[in-house]
Amino acid sequence: MEAFPPLNPRAPFIWYGGDYNPEQWPRAIWDEDLRLMQECRFRVATVGVFSWTALQPAEERFTFGWLDQVLDKLAAAGCRVCLATPSAAQPAWLSQRYPEVLRADPTGRRRHHGWRVNYCPTSPLYRRLAAQMAAKLAERYHAHPALVAWHVSNEYAPACYCEQCAAAFREWLRRRYGSLDELNRRWWTRFWSHTYTDWSQIEPPYANGEGSIHALTLDYRRFQNEMLLECFKLEREAIRQFSPDVPITTNLMRFYRDLDYRLWAREMDVVAWDCYPSVEDEPLDIALAHDLMRSLRDGQPFLLMEQSPSSQNWQPYNTLKRPGELRLQSYQALAHGAESVMFFQWRRSRGGIEKLHGAVIEHSGRSDTRVFAEVRALGQELERLGARTLGGVTPAQVGLLFDWENWWALEDCSGPTREKRYLETLRAHYAPFWRRNVALDLVFSDSELGRYRLLVAPLLYLLKEGLAERLAAFVQDGGTLVTTYLSGMVDECDLAFEDGYPGPLRHLLGIWNEEIDALPPGRTNRLVLNDGRSFACGHLCALIQSEGAEVLGRYGEDFYAGRPALTRHRVGRGQAFYLACEPEPAFLEHFYGELLGELEIAPVLETPPGVEATLRQTARERLVFVLNHGRAPATVMLPPGRTFEELLTGRSLSGSLTLAGQEVAILAEPLASESSRRAGS
Ligand SMILES: [Zn+2]
C-alpha cells in the first residue's frame with residue numbers, strides 16, 4: 001500500500017482550523033478574529049456553511065461582497081479556506097415562495113419552515129437553486145488564492161415523505177424491477193393480500209401506513225439515500241465545471257445509520273467527518289469511528305472536519321473536555337489517518353440553538369481562557385510537527401465487514417429479537433484487535449478482500465449478490481473468515497434464502513442453521529470449548545448442525561446442550577469459522593488472541609492496558625503513534641535494538657518509553673533501516 005499525496009498540493013500541512021461564521025458578526029470583530037486565529041496557528045477556515053440568506057437575500061439578488069472581503073482577509077492572514085455551499089438550510093423566502101421544497105414528515109404531512117436539512121431532496125426547485133448557488137460560488141472563487149477545498153452542504157440526513165418523493169419512488173421502482181409482477185414477486189406481497197395491481201398504489205412506508213413489507217422499507221431507504229446523494233452530485237458537478245482541481249467533500253457523521261456512506265465516499269474526493277463523542281464513548285469507540293472513515297475510501301487519509309474544543313450542547317450531559325483531552329483526541333485522529341484537526345466552531349453564536357456549543361472564542365470574547373490556551377498550544381505543536389505524518393497509510397491485515405443495507409434490514413426485521421445489536425456486536429469484535437494494537441480496516445460488501453488475511457463478518461444477515469462467492473474465493477485462497485449467528489438469512493429484497501440458513505454461505509461454513517433461540521436479558525447458556533474452557537453466552541443462540549465443519553465448542557445447557565456452538569470448516573487453503581451465539585467478551589479476547597497467533601499477525605507495538613498504538617506508514621518512514629488514554633504514567637517497552645526519533649520532542653528513543661497520563665508520542669523510523677534490519681535478521 002503506497003502513501004497518498006497531499007490532499008491539496010497548495011496546502012501540504014496538517015489542516016488546523018475550523019468553522020468560521022463571520023456573517024453572524026459585525027465587521028468590527030473580523031480583524032480581531034484574524035489576529036486570534038494567527039495566534040492559534042489556524043491554517044484552514046471553513047466558511048459559508050449556513051450562509052444562504054446572507055449570499056442570496058432574495059431569489060433575484062446575490063450579495064457576495066461580504067464573502068469577497070472575508071476570503072481576502074483570510075488569505076492576507078495566511079489562512080486557507082474550505083469553502084462551503086450553504087444548501088443545508090434554505091432561506092425563509094425560498095420556503096415561502098416554493099412550499100414544495102419543504103420536507104414532509106413520516107406521516108406525509110408537510111413540515112413548516114425552520115431548522116436545517118428541511119428540504120425535499122427530490123424537489124427539482126431545491127435542486128436547481130442549490131446547484132445554482134454552488135455554481136455561482138465556484139465561478140466567483142475558483143481562482144481565489146485562499147481556496148483549498150469545497151465543502152458541499154452539511155451533515156446530510158434523510159428522509160422526506162412528500163408526494164414528489166412518492167412519485168419519484170414509483171419511477172425508481174419501475175426502473176429497478178421492470179414490471180409490477182416482478183416487484184410483487186421480490187417483495188412477497190401475497191403475504192396479507194398486499195399485492196399491488198397498479199404502480200399508483202405504492203406509497204412510501206409512512207409511519208401511519210405500510211410497515212409490514214420489509215422490502216418496501218429497505219427500498220425506500222435506498223431511494224432516499226440515492227436522492228440525497230444526487231443532490232450532493234449536482235452541487236459537485238456545478239462546482240467542478242469552474243473548479244476542476246480542488247477537492248470536494250461533505251461532512252459525514254460517524255456510523256450514521258440512515259445514509260450508506262460507502263456509496264457516498266465513492267463520490268467524494270476525500271472523506272470528512274464530524275467527531276462528537278458522548279460521555280459513554282471510550283477511546284475504543286472513537287478509534288473505531290476513525291477506522292471507518294479511513295476505510296470508506298479504501299485507506300485514503302480523511303479530514304477531521306469538526307470537533308468541539310470543549311463541550312457540545314445537544315447531548316444529555318455536555319461534559320467538558322478535561323485538560324489534555326482535546327490534544328489527545330486530536331492526535332488519536334491523526335493516528336488513525338486524519339490529515340486535519342478542525343473545530344466547530346471558531347466563535348460561539350450569541351443566539352440560536354447552538355449558543356452553548358463549545359467554541360474557541362466563547363461569549364466573553366477573551367483569549368485568556370483555558371480552552372483558547374489549549375487550542376493555541378496544539379496549533380503551535382502541529383505547526384512544529386509539519387508535514388511528516390501526511391499521506392501515511394495503515395497496512396491492515398484484518399478486515400471487519402460492515403454494511404449499511406445489512407444494518408437497515410436487521411433493524412427492520414421483526415424477530416428473533418427486537419435488539420439486533422449490530423453496532424454493539426461490531427464493537428465487541430473490534431475490541432480484541434484494538435486492545436492488542438492490531439491494525440484493522442472496516443471492509444464493505446464491495447471491498448477488495450484479497451489484501452486481508454483475516455475477515456470478521458458478524459451478523460451478516462442480508463447477503464448482497466456475489467458476496468458469498470467472493471467470501472468463498474477469499475477462503476479458498478488462504479483467508480480466514482469468522483462469521484456469526486443471523487448470517488446468510490436474506491437476499492437484497494429481504495427474502496429468506498430457500499434451502500435454509502446460512503443460505504449461500506452454507507457450503508463455505510459447512511453447517512446448517514436449523515433454529516434460532518432468543519434469550520431475554522438475564523438468561524444465558526454456556527459455550528464449552530473442546531479443551532473444557534467455558535464461557536457464558538446468550539442473546540441469540542443458533543441451533544446448528546455440522547455438514548462437514550469441525551466442532552470446536554458446544555452448548556453447555558438447555559435442551560440443545562451438546563450441539564455445536566463454534567465450528568471451523570477448512571476450505572482450500574483457508575478456513576471459515578461460525579460462532580453460533582453471542583459470547584461474553586472474554587471469549588472473543590481468547591478466540592481472536594489464538595487466531596492472531598496462529599496467523600502470525602503481529603501488533604504494531606505491545607503496550608500496557610489503556611495505551612493505544614497505531615501505525616501510519618509514509619513514503620519514507622514508519623510512524624508509530626503511542627497514546628496514553630489513562631491518567632497515570634505508563635511505560636512501553638520498545639522493540640530491542642532499535643532507535644526511534646520522537647517527533648513531538650525531537651528526542652532519540654530506545655529501550656523504553658514512559659508517557660505521562662494523556663501524553664502522546666510519535667515514533668519515527670526510516671523505512672530503509674526497517675528493510676535492512678529485516679534483511680540482517
Ligand atoms: Zn420529498
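Every residue gets a Cβ built from N, Cα and C, even glycine.
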Using only what TrEMBL says about substrate binding by R116, W314, identify which of N154, N251 is listed for that site too.
N154
Work out how many Å separate C165 (Zn(2+) binding site) and E306 (active site, nucleophile) at their Cα atoms, rounded off.
31
What are the other residues, in sequence order, whose C-beta lies within 8 angstroms of the center of the C-beta atoms of C120, C160, C162, C165 at the Zn(2+) site?
R103, A104, P121, T122, S123, Y161, E163, Q164, A166
For the domain 'Beta-galactosidase C-terminal' (610-667), give the DSSP counts of helix residues, strand residues and coil residues.
0 helix, 32 strand, 26 coil
Under a three-state reduction of DSSP output, how is C120 (Zn(2+) binding site) classified: helix, strand, or coil?
coil
Hey, for the substrate site built from R116, N154, W314, who else sits with CB inside 8 A of the CB center?
A88, W115, V117, E155
Using Cα coordinates, what distance in whole Å links R116 (substrate binding site) and C162 (Zn(2+) binding site)?
17
Where C162 (Zn(2+) binding site) and E155 (active site, proton donor) are concerned, what is their Cα separation in Å, rounded?
21
Measuring CA to CA, name the entry from the recorded positions N154, E306, W314 that ends up nearest C160 (Zn(2+) binding site).
N154
